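Visitor: Please find one structure pasted underneath; my questions will follow.
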Amino acid sequence: MKSLLFTLAVFMLLAQLVSGNWYVKKCLNDVGICKKKCKPGEMHIKNGWATCGKQRDCCVPADRRANYPAFCVQTKTTRTSTVTAKTTLMVTTASMSSMAPTPVSPTG
């Protein structure tokens, strides 16, 4: 019985001394991995909901990038795209205001 307790204690201590981490923290619905610095082929995501904390980025490997294209696309904001987006928003708002609901009487 003493040898069993000793063996258990040794394994518990060795688990604390392992240089690597047996638990790799995942992010973005288990697609990405939390790292301090992403590799050149990986896409990094700096969103607060990615659950990596302030010091780490969510790194998504290139082979898994197709699973979440909306989050892993590098976008460039230019002046023309901003103007186009504002124009689209104004047109959408104007068309929605013209679709005001008409009152319907409950008696039919």
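Any Cβ shown, glycine's included, is placed from N, Cα and C.
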Visitor: Check for me: which candidate out of C34, C72 does Swiss-Prot give as the disulfide partner of C52?
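Guide: Going by Swiss-Prot, C52 is disulfide-bonded to C34.
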Visitor: From the candidates C38, C58, select the one that Swiss-Prot records as forming a disulfide bond with C27.
Guide: C58
Visitor: Restricting to the chain of C52 (disulfide bond) and a gap of 6 or more, list residues whose Cβ falls under 8 Å of its Cβ, or answer none.
Guide: K25, C27, C34, C58
